[in-house]
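Q: Quick one: this structure, given as structure tokens, is what I'll be asking you about.
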Amino acid sequence: MKLLIKNIKELLQVRETAIAKVSGAEMAILPKIDTAFLLIENDKIVNFGPMEDCPSSEGCEVLDATGKTVLPTWCDSHTHIVYAGNREQEFVDRINGLSYEEIALRGGGILNSAKKLQETSEEEIYNQSKVRLEEVMRQGTGAVEIKSGYGLTVEAELKMLRVIKRLAQDYPVKIKATFLGAHAFPTEFKENHQGYIDLIINEMLPAIAKENLADYIDAFLETGYFSVAETERIIEAGKQYGLVSKIHVNQFTAINGIEACVKHGALSVDHLEIVTDEDIAVLKDSITMPVALPSCSYFISIPYTPARKMLEAGLPLALASDFNPGTTPSGNMNFVVATACIKMKMTPEEAINAATINGAYAMGVSDTHGSITKGKKANIIITKPLTSYYQLPYAFGSNLIDQVLIEGQFIL
Ligand SMILES: N=CN[C@@H](CCC(=O)O)C(=O)O
Ligand SMILES: [Zn+2]
């Protein structure tokens, strides 16, 4: 099947040659072609350029995109889309004055979601999760990383990862799976950290590897959760099974966790609401992508990642949703991009780079996703008619997406 999209007002994120990521001042540049065409064959981008070079439409289905913007779909490199139930009561408890930490100390938070997930069947978790996956696809997400971490027992972690695998088989969206057994210490291991880490390393990891259920390994490196030393043990154990690390770190406190992640070659460090000058220095010239999650900052009223300071230091930055029942019950990447502009003072160009090519890097798919490049997957968002792409973050509450194509299939 060939699809020729003609008269595109602005074709964004055009990269003639594939790049892995953009950093620092380069992030302010979003290459585009005005009045463009885009040719898709089956699931791939095969050609693009200005309308004066538009090839014959013979043998093609033709779509006229007059007035519309076309850009690559969002690459959401950090989510917890697979979960059971919700935590709306904790939302109201926070309105009434409790903090995220206070709720967690009362047995709420991650342990609350783990209890629900352990009691829910695999089929039911799949059914609840696919609704969220379909929603984010309609919102323009074409690649998504999904974590386990609400199981916290061997069986329940496997159950979550099997649901992720089934979603990856059933939907055209690219899915990467991350094992997050080290999300919180179950109550019975509260005083026996060593025992739970042994369970992760000696029982969970081999079982996950046997079924080939994970691409990455994660841990919640945070005061009151996993220490630097505990996280390092988990990262090292993951490496034995070929799992590269992507770590939750610096959400509430800075305890030199980023330095440890960089030292161990983490693909990404995520959250970073609290970032020190030392953290910035160790990230510089590393292979580790910093990932900001502004919807989480918005929802639980914590600081936003200091994007300007990081970009001015020459770092790259990716944006992701963190879709989860506790801190971010939304996977809407359009809102993420808008919030990064509004609250983190990222320009539209920086935010779109962060949510496409840098997001792709942070989940290891930048060779196939994240830009309009020949040979990459035909994953595109076609907007409604816009005065310019600035509308995307500016009109933050409007749905400006007209159509979404994932691997050459219209899903909207
Ligand atoms: N901070 C750690 N994990 C999740 C939230 C977990 C939860 O509260 O359910 C996050 O990324 O925000
Ligand atoms: Zn998270």
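Cβ atoms are placed via backbone N, Cα and C, with glycine included.
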Q: Which one, Tyr126, Tyr150, is listed by TrEMBL in the same N-formimidoyl-L-glutamate site as Asn324, Gly326?
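A: TrEMBL names Tyr150 for this N-formimidoyl-L-glutamate site.
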Q: Determine which of Asp34, Asp198, Asp285, Asp322 appears in TrEMBL for the same Fe(3+) site as His78, His80, His248.
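A: Answer per TrEMBL: Asp322.
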Q: For the 4-imidazolone-5-propanoate site that TrEMBL describes with Arg87, Tyr150, His183, Thr327, which of these is also annotated: Gln128, Gln240, Gln251, Gln391?
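A: Record check against TrEMBL: 4-imidazolone-5-propanoate site with Arg87, Tyr150, His183, Thr327, extra candidate from Gln128, Gln240, Gln251, Gln391 is Gln251.
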Q: Determine the C-alpha span of the 4-imidazolone-5-propanoate site listed in the record, that is the greatest distance between any two of Arg87, Tyr150, His183, Gln251, Thr327, in Å to the nearest whole number.
A: 20
Q: May I ask which of the binding-site residues His78, Arg87, Tyr150 have a CB within less than 6 Å of any atom of ligand 1, listed in sequence order?
A: none
Q: Check the domain 'Amidohydrolase-related' (70-409) for me and report the mean pLDDT.
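A: Here the mean pLDDT over the domain 'Amidohydrolase-related' (70-409) amounts to 98.
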Q: Fewest other CB within 10 angstroms, which one of the binding-site residues His78, His80, Arg87, His183, His248?
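A: Checked His78, His80, Arg87, His183, His248; of these binding-site residues, fewest Cβ neighbours within 10 Å: Arg87.
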Q: Which residues does Tyr150 (4-imidazolone-5-propanoate binding site) neighbour through Cβ under 8 Å, counting only same-chain ones at least six apart?
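A: Result: His80, Val82, Tyr83, Ala84, Ile110, Ser113, Ala114, Lys116, Leu117, Ala156, Met160, His183.
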